[in-house]
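Peer 1: Checked TrEMBL, it gives:
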type	residues	note
BINDING	B:Cys49, B:Cys52, B:His53	heme c 1 binding site
BINDING	B:Cys196, B:Cys199, B:His200	heme c 2 binding site
BINDING	B:Cys335, B:Cys338, B:His339	heme c 3 binding site
DOMAIN	B:35-138	domain 'Cytochrome c'
DOMAIN	B:181-289	domain 'Cytochrome c'
DOMAIN	B:322-407	domain 'Cytochrome c'
SIGNAL	B:1-31	signal peptide
TRANSMEM	B:431-455	transmembrane segment
Amino acid sequence: MEKFVDLAGSPNPTRRLLLFGLASAYTASLIPWALAQEVTESDQSAFQTLSSILTGWRSLDAAQGKRLYAALVADDPGFPAAAKALLAMIEQRKTDPMQLQEVLDEEKSPLALVPWRIVTAWYMGIVGDGSKARCLAFETALNAEVVADVLKPPTYAYGAYGSWTSKPR
Amino acid sequence: MSRAVSGLFGRIAVALALAATAYGVTSPVLAADAELIARGEYIATASDCIACHTAPGGAAMAGGLALSTPIGAIMATNITPSKQNGIGNYTLKQFDAAVRKGVRADGKLLYPAMPYTAYALLSDDDVAALYAYFMNGVAPVETRPPETKLPFPFDIRLSMAGWNLLFLDKRPFDPDPAHDTDWNRGAYLVRGPAHCGTCHTPRNLFMGEQASSQMAGGDVGPWYAPNITSDPNSGIGGWSVEELVAYMRDGHVAKSQAAGPMAEAIDNSLRFMTEPDLKAMAVYLKTVPPVRDPADTQPVFAWGRPSDDLASIRGAAWPQDRDQMNGPQLYDAYCASCHQVQGQGSFEGGLPSLVHNTALGRQNTNNLVMVILNGLHRQPDVLMPGFARELSDTQVATLGSYLIQNFGNPAAKVTAAQVATLRAGGSTSTWPVWAARVGLAVAVLVLIGLIALLLRWRGNRRLATQH
Amino acid sequence: MADRLSADFVVVGSGIIGSLAARKLALAGASVIILEAGPRVTLAELVARFRNSPRRSDWMSPYPSVPWAPHPIYQPEPNNHIVQAGAYPYAAEYIRQVGGTSWHWAAHAWRNLPNDFRIKSLYGVGVDWPFGYDDLEPFYQEAEEIMGVSGADNTGSPRQKPFPMEPVAEPYAMRRLRERLAPEYEVVSNTTARNSRPYDGRPACCGNNSCQPICPINAQYHGGLSADAAEAAGARLIANANVYKLEHDEKGNITAALYYDPDRASHRVTGKTFVVAANGIESPRLLLLSTSDKFPNGLANSSDMVGRNLMDHPSTSLTFDADEDVWLGRGPQSPSSINVMRDGPFRSEHAPYRLDFTNISRVDGATRALIAAGVYGSELGKRLRYSAAREMNVKNVLEVLPDPERRITLSSEKDEMGIPKPEARYSIDDYTRKGHERSQQDFQRIANLMGGSNLRFSKEGEFANNQHICGTLSMGNDPRTSVCDQWGRAHDHENLFLAGTAVLPTSSTCNSTENGLAVALRSVAHVLEQQGASTSATGISKS
């Protein structure tokens, strides 16, 4: 329980904002169980909720979520059930996302790979392993969004010649 | 201001040194007043003489550039002060006749590929300064470009007389007391030396400039010289004076970037003009009577919004037949690296936004196609690569349509047939400014043709009568 | 049959060196055919492949191996194109497509230091080159003017003419390095084939930060442009032509190149002079494949030196977090270096090295690392921003000495075309290892000067490879210890020239392309000079 307090109440929000300049969409103080209560019957919406908890983004793009979800299901037909089970577990135990992987690993949970898959899908835009891996997003992957105020995704021009010499904002 | 002027004086110094070397102490014109020569050079720059009278890689003002027209090449002449090959023997009066009336020293008429209808507005003082510059500030070059040889009946220069009667107003610029000095200076520059209307004013049946539609836009070979009247939608009414000055000086503002012949006009001429002169031109342009294309329901720089279609293409392979590539795929592969994912341009705008850009807001999409094909080149260091080699006509049409639909005026169109035509009419290199005058040359030829027909018809009638 | 192919010069390989050699020959009026094993691929397609790749950090992912011209692939599954048989794996990457491997280089275009040509004489290690810096200097310049090289004069390689371009504008992160390291190290701008202004119709760098695997705007020179230039000069380029054998006459002169098309139909191309420029592994492989009764060990191999003396530039590295935000990823990928350890008396004891600072965006790598560490929730974005802003990396680029035991041979395994695969025997010796050890002091010091924390040294004993394959067709004056003479002419064959990084006798601390290209241009100048003297005899004809 204390862990959630730590997560929800940032020790120094002002400094954090200054330091990281986080976009408003980015939820620095996401409270997982609050979102978990909004779950509907729909698998898709369960996935979206679980994704918000795991990625720390409150307002995830719904269309992107649909595409990623479809790809994850195509990659593993057992994914809908696994995602729902993981969401139920988080909801029930109020697990801190930062502790989640450790808990799953310690328990040798069959769900151990599920958060990794979901976060990789959202943050890297990639679904599947090895030769089955597919790119679903690049520019709109969350790891590009997180730094979009400072960096362009590779292959996109930073700007006119020499624009990169200035101190980043 | 300071850059242009200091550059100017630097070049004058060099020019004078050259002149001194060439003529030695015996030159009768060496004493010509440096200030007068400097002013002459400035007028020559404003008039962009160098654009036509210098061949690529050739000596300045030595001519040799062939202005190709459908019926043959009109050759730009050597206008250096060479006595054998240039205009070294011209008196001020002869020089004046050539510049303002289109009459050579030998009395023959120039083809109006030379924009003497605009230069006719030059003041006596400026013509004298121009003469001083050409005689003293330009190094004589002893090369002689080939004579212009147009096939009969186009070689009858006398026929220009009729055209001149219609379209040549021989009076110098007359200041309008209803306007201030700035406006009058701007009007003089725009309509006189800078001859903006040569490209930007549409042509009538005889290819003379339409007096009623000054600056309303005209075709320049495969390019389109847009409407620069004061209309807020179709023209530059929505531009601030500062934006117009910046555009003429730098070649770009957020809403528009110069390409093709306009880029050349800036490279050779406008960027060397003083800030007050550019401001005066802007002030005048903003008063040119508005002409609106009804299709321009909002300013041509106000269309579009940032958008992408990445979801449809990420993780999907290209079609085997590259002509089947869709707009998002083409945009992704050829445009997005610089203009960014949503067409929004780079952080500081150094790489232009396609949204709210005149390039995509006009009904006439020729310039869009030309830039996709040939890129955009401006001095000293602006280069957008062209894709004429990489992209088929179909691909350019697909890409152009995607750009218009997403970032521009969706009522406009780009077709593969249009691309094919422009590709054939364009050159893979930058279109030089003289292409702008080809239309004029063609006009003349049309007229000559008419006269010739008339003469033959009369002749035939006479023959018929004799029978 | 229509397929009768013949030319004054037949060039095997359309990479940056083969193509520019072909171009120079074609410009001199010779007829030239270039045979390229791989396909033609456009820049736009490569950009799209990268953006659609599920393995963006695998720079080979936009360059898949094709069955008719396979090249090494390591992810997601290794294709074992190079069979490993040595003490240390030689995981070289190269690209078989029109334009070759420099489609995805970092465009480092360093000249050797003058002393690099004489390390045997000066330091008692390696070998001396058969010529010196001054002999190569004009051809460095020629290479730099063709490629459009930008650079600064403070890198220890004297020059007769200025660089074609000023150094590329320094990214902010590199400026901070230069400023903070200044008391102890001089951080210099890299010499790169990257435009700092429009050059040769190509734009200035716009900081796309994807020099590897692909510069999307051609601000960086690459072999695809060389191939275009060769064709523009009149050379005929045949893609998908996998040369598997060279034939010779009774005097040992090369008469024909045999190639397979993708359907494994064989074609024969005849010529007067042959240039093999097929990369440091594929070139020796081709010579070894071309056995006959007269040359049972393959062509150019009477010395048994073909494929030996394999060298590259192994690297170890340090990643750390600076005590200020520097945001790698703004501007080009590889902007700055420290050159102080590239030469000195220490070379008799251990490998010299260049210290190379990366400016590659940390975002993808940090994301993967954080996810792998189970960092989820809001903490993930926060830490990702921190890593992207703070992470820095320095690596060494170590010289490897020529050693005949490090080599490429033919494997008993065959590739998809039924051609024996190359087999590598590679090792990291004490000379290189000691250079690595020495560099750790620099790593530590650099991190300290940047207020570094969370220092992550690369795993001890592991050396990353830099794909600067050289030595396997070494040039030298002694036919018993080298494959070709100083002009690249095979000691054993009058009309066979070898071009490419394979001919470099030592690896120095320079990325190999500029050296290989300058040497090749020198060879072509020599060929033209010689043949120009007796045009009728050698048959340079206007084509």
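Glycine is treated like the rest: Cβ placed from N, Cα and C.
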Peer 1: Sequence gap of 6 or more, Cβ distance under 8 Å: name the residues on the same chain that satisfy this around B:His200 (heme c 2 binding site), in order along the sequence.
Peer 2: B:Met215, B:Ala216, B:Gly217, B:Gly218, B:Ala225, B:Pro226, B:Asn227, B:Ile228
Peer 1: What three-state secondary structure does DSSP assign to B:Cys196 (heme c 2 binding site)?
Peer 2: coil
Peer 1: Do me a favour and check the Cα-Cα span between B:His339 (heme c 3 binding site) and B:Cys199 (heme c 2 binding site); whole Å is fine.
Peer 2: 29
Peer 1: Which of B:Cys52, B:His53, B:Cys335 (binding-site residues) reach within a Cβ distance of under 8 Å of chain A?
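Peer 2: Listed binding-site residues passing the 8 Å Cβ cut to A: none.
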Peer 1: Please report the three-state DSSP label of B:His339 (heme c 3 binding site).
Peer 2: helix
Peer 1: So which of the binding-site residues B:Cys52, B:His53, B:His200, B:Cys335, B:Cys338, B:His339 end up next to chain C, with Cβ to Cβ under 8 Å?
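Peer 2: Filtering B:Cys52, B:His53, B:His200, B:Cys335, B:Cys338, B:His339 for a Cβ under 8 Å from chain C leaves B:Cys338.
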Peer 1: Between the Cα atoms of B:His53 (heme c 1 binding site) and B:Cys335 (heme c 3 binding site), find the distance and write it as a whole number of Å.
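Peer 2: Their Cα atoms are separated by 36 Å.
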Peer 1: Would you list, in sequence order, the residues of this chain other than B:Cys49, B:Cys52, B:His53 that have their CB within 8 A of the centroid of the site's CB atoms, where the site is the one recorded for heme c 1?
Peer 2: B:Asp48, B:Ile50, B:Ala51, B:Thr54, B:Met61, B:Gly63, B:Leu65, B:Ala76, B:Ile79
Peer 1: Quick one: of B:Cys196, B:Cys335, B:Cys338, which of the binding-site residues has the smallest count of other CB atoms within 10 A?
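Peer 2: Across B:Cys196, B:Cys335, B:Cys338, these binding-site residues, the one with fewest Cβ atoms within 10 Å is B:Cys335.
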Peer 1: Please give the average pLDDT for the domain 'Cytochrome c' (B:181-289) in this predicted model.
Peer 2: 95
Peer 1: CB neighbours of B:Cys199 (heme c 2 binding site) within 10 A?
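Peer 2: Other Cβ atoms found within 10 Å: 27.
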Peer 1: In whole Å, note down how far the CA of B:Cys338 (heme c 3 binding site) lies from the CA of B:Cys52 (heme c 1 binding site).
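Peer 2: Spelling it out, the Cα of B:Cys52 (heme c 1 binding site) and the Cα of B:Cys338 (heme c 3 binding site) are 33 Å apart.
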Peer 1: By CA-CA distance, flag whichever of B:Cys49, B:Cys335, B:Cys338 among the binding-site residues is nearest to B:Cys199 (heme c 2 binding site).
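Peer 2: If we rank B:Cys49, B:Cys335, B:Cys338 by Cα distance to B:Cys199 (heme c 2 binding site), first place goes to B:Cys49.
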Peer 1: What are the sequence-distant neighbours of B:Cys49 (heme c 1 binding site), meaning same chain, six or more residues apart, C-beta distance under 8 angstroms?
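Peer 2: Result: B:Met61, B:Ile79.
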Peer 1: Measure the Cβ-based neighbour count of B:His339 (heme c 3 binding site), defined as the other Cβ atoms within 10 Å of its Cβ.
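Peer 2: For B:His339 (heme c 3 binding site), the 10 Å Cβ neighbour count is 24.
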Peer 1: For the C-alpha pair, I'd like the distance in angstrom between B:Cys338 (heme c 3 binding site) and B:Cys196 (heme c 2 binding site), rounded off.
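Peer 2: Just about 31 Å between their Cα atoms.
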Peer 1: Cα-Cα, whole number of Å: B:Cys335 (heme c 3 binding site) versus B:Cys196 (heme c 2 binding site)?
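Peer 2: Checking the Cα atoms of B:Cys335 (heme c 3 binding site) and B:Cys196 (heme c 2 binding site) gives a distance of 31 Å.
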